[in-house]
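Engineer: First the structure, then my questions, so here it is.
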């Protein structure tokens, strides 16, 4: 069987899952995938590799390769490597990203570019899958086209002309081969082909006269929804993926009294269990978003940080949602039983392994509370598996539609874009009764949530501040449910007893109540830090909660200036924005203090919802408007004074708008075309003078 090397670089498991899918399908087409995480450098050697290489690479942070790929990227970026170092290598790469972020798929692009520079050649076009619109829109056709590309590679390299049988098996894949980065989402949905992991043609479900006779007259009265389809989908024969092979055996055993630790859900970083020493509401009660500041007491730990760092908060799922699942799965009376997980002896899943995020011994309630991301949007493979555990034929048909090729648009609209989760599906399809093992196979790890440090350890020794908006939204899949963010909702509830209301932050000790504790862990180092040279000018752009790291910056600068009264400190610009001056102007008093004492030299604040009277050119509604108004100064700081620009906050709109504003400013002030201005900004990023902390 023809071997290829298959490497994945993953941050949250997405790239790994896709690589495993490729590995499972490979056998069908006469290939053998040698599957490894890119961090397992002792198990492969690109310098001597003769087989083709297939890579699946995700993107994290500000367009960075995932943590698992850091050593790999560092190794291939070694400037001493000759330009023909990998000239023998042939590869295909699938990049995963989110176009809401400025540096889309940059993790894959960085590796792709460097492989090219070292002489490696593509045997298959690079794919760029966009999580903003649905990874599957590129992932599925990219995988389908991979087999024909591999076949062509082996034929051309080894001169095999006796592979007609294998070519026949690969022919249906070649018909669907596309250039993924050119795939137009809206017009190319029909290109998707869902093949099963066993390699047979996708199963076709014929809906006969029973379906059409009983439903057609009624269905026209409905609009399409999560639970109902309309023609032509409701009358179509469906191409659905075959059932993913089950591979986990789960037994619930009587508990023996062992204690569980939150640390068991974190496998890499050290975990610190620290008390909350203060909690303050930073916004008025009538503000559109409620923002809280939390102070942690880290004085009895060796946790250290510097302004600009971020850290993880280990959070649980909502207790009410966990209890719903226990009741719905008919396991409420066994919530304290211990979960024992093993690999099924007869599983067909290649490389089946126990999920690392499931502790060896934990209770069922602990598992659902601390280990599984029960809010995750179900992938199509999960829907396919759920369909086989759904008793009602109409409900089963609808789940099959949602995971089918024909139902791709419905899946995007009613599952993906609606943010439907397992609880929503179980409410929508009452006859669906999945076994616990299925949840462990398909639900990802509950990830810790990252937050920016909003303080300086020089200014607040032994303390760590962070701020957040309490996320609230309506789940409107089948019934309207008000939900809070997994972590922000939990934190808000946790600090209720000690929360200081708006404008009462000066009462340092807060309410006399038992201080709650939370578990935190450090995040890998980043470059979102103040310049080493304090004389270098900086521009900070942080609307809303994005101001958090800059409070730490300014606190740090204030202490440095106190320690070095004769020192030279560069100009500091802060572009802050909020909706209303009187409702959500975060840290107003602190910013005025920094301005008064000279730590902050320029403060520009924009209010997007306030109506200003008497301003000739109208108020600056957003931070990008304020940047444009100070175009010459901004360009001077960046291009003449070798300054830094920091952007923190919303990736979906703000970061893009600020990026575009900076391009326009550079173009206008230097008299160059926008393409050249974009190159200049890219150079600033490479020099780590244009830094982003966006989410």
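The backbone N, Cα and C atoms fix where each Cβ goes, and this holds for glycine too.
I grabbed these lines from Swiss-Prot:
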- 10-14, 93-124: FMN binding site (BINDING)
- 289, 608, 609, 622, 623, 624, 657: NADP(+) binding site (BINDING)
- 449, 450, 451, 452, 485, 486, 487, 488, 695: FAD binding site (BINDING)
- 4-147: domain 'Flavodoxin-like' (DOMAIN)
- 269-531: domain 'FAD-binding FR-type' (DOMAIN)
- 171: phosphoserine (MOD_RES)
- 187: phosphoserine (MOD_RES)
- 166-245: region 'Hinge' (REGION)
Engineer: Are there any residues in the same chain, six or more apart in sequence, whose C-beta is under 8 angstroms from the C-beta of residue 657 (NADP(+) binding site), and if so which?
Structural biologist: 622, 624
Engineer: For residue 623 (NADP(+) binding site), what is the tally of other C-beta atoms lying within 10 angstroms of its C-beta?
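Structural biologist: For residue 623 (NADP(+) binding site), the 10 Å Cβ neighbour count is 28.
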Engineer: What is the separation, in Å, between the Cα atoms of residue 289 (NADP(+) binding site) and residue 98 (FMN binding site)?
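Structural biologist: It is 25 Å, counting Cα to Cα.
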Engineer: Within 10 Å of the Cβ of residue 487 (FAD binding site), how many other Cβ atoms are there?
Structural biologist: 23
Engineer: Going by C-alpha distance, which of the binding-site residues 449, 451, 487, 609, 695 is nearest to residue 113 (FMN binding site)?
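Structural biologist: Result: the closest of the binding-site residues to residue 113 (FMN binding site) is 695.
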Engineer: Using the alpha carbons only, what distance in Å do you get between residue 487 (FAD binding site) and residue 98 (FMN binding site) once rounded?
Structural biologist: 22
Engineer: Return the single residue from the binding-site residues list (108, 485) that has the minimum number of other CB atoms within 10 Å.
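Structural biologist: Comparing Cβ neighbour counts within 10 Å for the binding-site residues 108, 485 gives 485.
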Engineer: If you measure from the Cα of residue 98 (FMN binding site), which of the binding-site residues 451, 485, 609, 695 is the nearest?
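Structural biologist: Nearest candidate: 695.
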Engineer: Of 449, 451, 485, 608, 695, which is closest to residue 93 (FMN binding site) if I measure between C-alpha atoms? They're all binding-site residues.
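Structural biologist: Closest by Cα: 695.
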Engineer: In sequence order, which residues at least six apart in the same chain have a CB under 8 Å from the CB of residue 695 (FAD binding site)?
Structural biologist: 450, 649, 650, 651
Engineer: State, in Å as a whole number, the widest CA to CA span among the NADP(+)-binding residues 289, 608, 609, 622, 623, 624, 657 given in the record.
Structural biologist: 21
Engineer: Mind telling me which of the binding-site residues 10, 608 has the densest Cβ neighbourhood, counting other Cβ atoms within 10 Å?
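Structural biologist: Top count of Cβ atoms within 10 Å goes to 10.
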Engineer: Please spell out the DSSP helix, strand and coil residue counts for the domain 'Flavodoxin-like' (4-147).
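Structural biologist: Looking at the domain 'Flavodoxin-like' (4-147) with DSSP, the answer is 53 helix, 34 strand, 57 coil.
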Engineer: Can you give me the Cα-Cα distance between residue 485 (FAD binding site) and residue 108 (FMN binding site) in Å, rounded to a whole number?
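Structural biologist: The separation of the Cα atoms works out to 30 Å.
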Engineer: Mind computing the max CA-CA distance among 449, 450, 451, 452, 485, 486, 487, 488, 695, which the record assigns to FAD binding, rounded to whole Å?
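Structural biologist: Pairwise Cα check on 449, 450, 451, 452, 485, 486, 487, 488, 695 gives a maximum of 17 Å.
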Engineer: DSSP on residue 623 (NADP(+) binding site), three-state: which is it?
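Structural biologist: Helix, per DSSP.
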